[in-house]
Structures are given as C-alpha cells and as structure tokens.
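Asker: Summarising the annotation, TrEMBL assigns transmembrane segment to A:20-38, A:45-63, A:69-85, A:154-175, A:209-229, A:241-257, A:264-288, A:294-311.
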Amino acid sequence: MDWITIISTTVKAAIGVETVWYALAAIGINIHFGYTGLLNFGQSAFLAVAGYGLAVTVTVLGLPFWVGIGVGLLSAVLLALLLGIPTLRLRADYLAIVTIAAAEIVRLVFRSVAFKDVFGGSDGRRGFSDGFYAMNPFSPGTYGFGWLSFNERVLWVLVVGWALVALSCLIVFLLMKSPWGRVLKAIREDEDAVRALGKNVFSYKMQSLILGGVIGCLGGFIYGLAYASVQPDIFGTETTFFAYTIVILGGAARVFGPVVGSMIFWVLLVLVNGVLSGAVESGLITFMDSTQVGPFRYLLVGLGLILLLVYRPQGVFGDKREMAIDAR
Amino acid sequence: MRRAVIAFTAFLSGLVLLLLSAPAYAAAPEQSLRGTLTYQGQPVNGVKIVVTTESGQPVAEVTSNAQGTWQVPVDKPGKYKVTLDVSTLPQDTEVRGGNNVRNPTVFEGNPAAVLFALQAKGGAGPGGENDTTGQSTFWDQAAQLTFEGLNLGLIIALAALGLSLIYGTTGLTNFAHGELVTLGALLAYAFNSGIGLHLIPAALIAVILAGGLGYAQDRFFWGQLRRRGTGIIAMMIVSIGVAIFLRYLFLILFGGESQSYLQYTAQPGIQIGPISAAPKNFVAMGIELAVLVIVGLALMRTRTGKAARAVADNPALASSSGINVDRVIRIIWTMGGAIAALAGIMLGLSQNLKFTMGQDILLLIFAGVTLGGLGTAFGALVGSLIVGLFIQLSTLWVPPELKSVGALAVLIIVLLFRPQGILGRRERIG
C-alpha cells in the first residue's frame, strides 16, 4: 500500500474544498437545528439556488461576477421566505417532510429538460468562475511543501472558503451570545414559554431560517467556484443528510461543532477510501472489488450516524442537554 | 372515522369492479426512444434507425424487429435526433412527408414515441389515413392517465399504509421506509434471477421474508431504542442513517445497473376502450386492491386491528386498557415490512429495478401520508390515491419530468390550508 499517498490525501481532505463547503452547509444547519430546533431537511436547496443563481447570472445573462453573487444571496433569502411562510408553524416532523419536498422540487426544476436553456438540464452550468479567478492574488505555481501542496487556483478557493467559514463562525458566536440568540435557544427548549413571554416566535424562526440559509448558500458558491460548474444532483437530499451527520458528529449547538465535524467526516471518508482501495489492490481484501469501496464508505456513514445518535447524540463537543432531539 | 372507513371500503370495491371491466396500463421502462413501423396494417421489419444526440454524438443504431417495433434506451433525458435510413425501407414505400428525421424530446423515466408514418411510393397510398392513429383525443389521454394514476396511487398506498401505521403507533417518521420498498423488489429479484424461481413464488418468499425482517427490525432495533427512551426526532435522524446504510448495502450487493425480472417483462399491450395496457398491470392492480381491502378489513374487524387503531389513537390509554402495545407495534412492523415489499415488487413490475427505486418514491409516499393525515391508516390510502392520480393527470399540462414537482407543490399548499391533512385531527400538528 502507498501510505504516503493515503496520508497526503487524508491531510489534504482535512482542509480541502469538500470540507469547506460541507462545513458552511453544516454551520447553516447548526443555526436551524442546533440552536433553533428547526428540522430543516432542505438545506441542499439553499446551496443549489446560490450556485445556480451565480451560474445563470454569469453564463446566461452575461452579467458580472459580483452581480451573480448578489443574485445567489437574494435567491437564498427568497427561498427561506417561501419555505418558511407555509412551514414554520408546523411541528418538527411535518417541517422535515415539507422542507425535503421543497428541496426536491428545486432540484427537479433545475435538472428538467423544460428549463434546459436556463439551468442546463442534468449537465448543469459551467464557465462562470472566471471573474472569481481573475481576482486571484496568487501567481501561477505550486504552493506548499512536498506532498502537501496546492496549485494557485485551489489555494485561492481554500483561502476564500476558510475565510468565509471563520466569518460565519464569528457571526454565529456573537449572535448566539446576544439576547437574540438566547431567544432562539429558548424557542428550541420551549416554544410556548417564549410565546408566553410576548416574543414573536414565527418571526424569530424565520430570521433563523434566513440566516442559516444564507450561510449555507455560501457552500453552494464555494462548490460552484472550486469545480467551475454546478450540477443539480450534487444538491440532492443526501447532501443535506451528510451535513446533518456532520453537525451531529461535531456537536450541535456548538460554534465550531460543524467545522470540526466536517473535518472529521471527510478525513475518515478519505482515509477509509484510501486504505480500502489500497487493500483491495494489494489483494489483502478479497470480498469486495474496487468499485464497491465507494459505496462501502457511505454505508459506514449511515452506520456511523445510527451509532452516534444511539450512543453519543451530542457528538464530539456537544452538550446532551442542548440537543433538540426529544419529542415535544 | 368509521364513516370514512366505510366510504373508503366502498370506494375500493368500486375500483375492483372497475378493474374487472378495464385493463391496466402499459409499463413505463426507463427513458427510451421507441416506435413501431407499419405499412398497410402490417409490421415492417429490418428498417435501420439511427439515434444521435442533439449535437450529433452517436447513441445507437437499431433495426425494427418482426413486430415492426424498435427501441433505444437512452442514459439521459434531453433532445435526440432520430434518423430513419430510407434505403432500408421496403422498395415500394417511403416516409410520408419525405422527412426521415425526427427530433423528439425524452423526459426522465419516460419512453418517447417516435412516429414514422409509411406510405406507398409516389403519393397518398391506401395507408393514407393511418397518420391519425398516433393522435389521441384529450379525453382518451385523460382516461389512460387516470388509469396509470390509479396504478401508481395503489403502489404508493401499499407503502404508505405501513409508514402511516408505524408513525401512528410509535411516532417514528421513518425515512428508511423507501428502502423497505427497494428491499422487497430486490429480494424477489434475488430469488427470481439468482435461484431461478418463477417470479410468483419468488415474490411470495420475498414478501414473507420482508415481513420477518420488519419484525426483526422492531424486535432488535427500534423496540430497543424505544426502551432506551430515544426521542422521536433522534429516531427520525437514526432512520436517515438506516436509509443511507441500506441504500449503499443494496448498491454493493445489487450494483448500480437497472435490472428487470425474468418473467412478465415485455408483454404485448391490449387495448380496451381508450386505455391500452399490459395484462400484468391488470393483475398487479387486482392484487394491490385485494391486499388493501384485506388490510382495511383486518383493521376494522379483527381484535388486533382494533388494538392497532387504539394504540395509534392513544398509546397510554390503550396500554392501560390491557392492550399489549409492544405486541401490536411488532405486528404492525411485520405487516408494514411485508406490504412495503409487495409495493416494491409491483413497482419493479411496472418500472425497472434499481437500488434507488424506493428512495425515488419515498417523497411521494410521504406526500400521500401527509395529505391524508399523518398516523391515520385510511387517510394514507386516500392521500396516496390522490397523489398517484394527480401525478399522472398533471402530465396532461406539464412535462412528465416535472410531474412529481406538482405533487410535492400540492403537498406544501395543502399543509398551508389544512395542516392536519384530509382525515387527520387538529391536535396532531401541534
């Protein structure tokens, strides 16, 4: 087995593009689920409308990059309003079903043949990231040392991505210390008590949905810019579910929970993939072939999610008393 | 509640009668292009058809068979270019209108029919009036789609019944229910293709086995979680873990390719009234209806059925009046697993088998259950039939690929105005 490659890909995964955009999606979910107790299963839709908002504005309408970012952010806010008005009065399990349905609607419309001229069908859109890379301050070349090196494009995406993660964490930290954040946590613990205190619960939930959606949608931008393309099926329900796994793994209602969770999630996924592929190639494992390694590690994700919820629902950093997982 | 049940049973019996006089619908395989070449009522075989993508990338070349039909499965929905090689036509015929190229649009999961009308060379021959056969009136289409909608609705109803009863008795919103549907279809495939059993005994074994697995799931997993006092939201997220686990287990064992059962795959359709259908769908709908009626009667008439409804109404009260709640829940899991498996087998008959087939209809099952009212068994049936009908009938106006969008949008709109669903009760929504 080629341990150098396995270790280098694993270390890269800890700070890689996947980790960044899943961390952003998970920070959004942490605001919804961790702090407010909203079971939003439609997070992938926020990533999708942001990524497509940027892509369509730049490629189809031919407008500049920053207009695209603005359109993406606006679409995320609009989606939060559209999603929130009918659903936020519903109980948790209804909310889960309706948000997942809304996310599927968004994905199906993006991949439909009927709107192929706008959204590009199942192939998605590409060729909208030039404006972003034109701002790249790093001159072409390889940065880093030995096996831990990136080219200037990846480095630029990572710098911007981690800056956004840090900014999002700072916002979450400051907001959740504020009276506003305490109301959110109170809604999570007992909605009726908050209502009895004269707070407009619906309005607070909506603000939480918008904030989490906008932070999550940054993940859609990072995905689109890093791969210079968006495809509808990237933003399926499994993306949301993996982001939930990340939040629970790192610890819900903790500022750095989603970030650490994303790092652990992708390190484990890449490590398992490297070790298993290596073992299959060198003949150590004979009960599966190399094409089955990919599904097998997602099978482990499912198993991991079950075991986490059963044995350690608070994840690595969380506090069991702060988990909104009981019936109310 | 009782009145709704009686009304529903009557509705189902009416459907049985309807079925005896009308056939089921033709199976829709995964997206493909297909067509039939006839000349003066006779099939034309050996005609070469070339299919390319819109941009000219070659996809496939086929020749029409002895029935005059040809079919090209395509990987992706989109626009295609279909060219008929005129040099391979019989000598005395030509394509009417002279244009031997068609540009059909293929929608996801739907076959696109490509029409080439043939006529005698040199003008309007006796085949002249044939070109109207490809057209059908709005009402014919509506009848056909109603039929397809009922079939889909019945499949969804089978799956939804178990999901709704499990929700009603345990409070669990089971995101892994779609995988139970897939499980049934793949188990039947394993016995059918792996061991070589005929599909009917294979399906029977699969349903029984799936029921056993449903029992085991509750006995060794969900029941234990309940005993630990796991919250319902935690259990919902656990069920997502179970869904991901099972889905990728199926992918590892079954592979990513679509398959079909060895029997009943390509049945010639029969035409009755405005509806064209394959006989297998007729039988499948009959079985689905029979199972639904039996389960409905069992819920109404048997002691266990009454106990199940009592537990769904109020578990604590049911328990205090001497009902063994755990036993009832276990029976519901066994039955829910078995009929979900049956739904999977029926779905596998009308589509292809795939490891995501249950996941793909999970949201439609949820839509049916939520429309009818979470936790109400008969609401799930009514809701599912509405969802099935709505999905198929909406294709009269919207592209088939967006038909699920309409159903999901209706789900959201209904929740706006009547959050408890059609047969649900107000306090359930909280």
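Every residue, even glycine, has its Cβ placed from backbone N, Cα and C.
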Asker: Assess whether the transmembrane segment (A:20-38) lies in contact with the transmembrane segment (A:241-257), where contact requires at least three Cβ pairs under 8 Å among residues 6 or more apart in sequence.
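Answerer: These two segments touch.
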Asker: Answer yes if the transmembrane segment (A:241-257) and the transmembrane segment (A:69-85) have at least three CB pairs under 8 Å among residue pairs 6 or more apart in sequence, and no otherwise.
Answerer: no
Asker: Go through the chain and flag residues at least 6 beyond the ends of the transmembrane segment (A:209-229) whose CB is under 8 A from any CB in it; none is fine as an answer.
Answerer: 17, 20-25, 27-32, 36, 38, 40, 43, 46-52, 54-55, 69, 72-73, 75-77, 79-81, 83-84, 88, 124-129, 132, 154, 157, 160-161, 164, 168, 171-172, 175, 235, 243
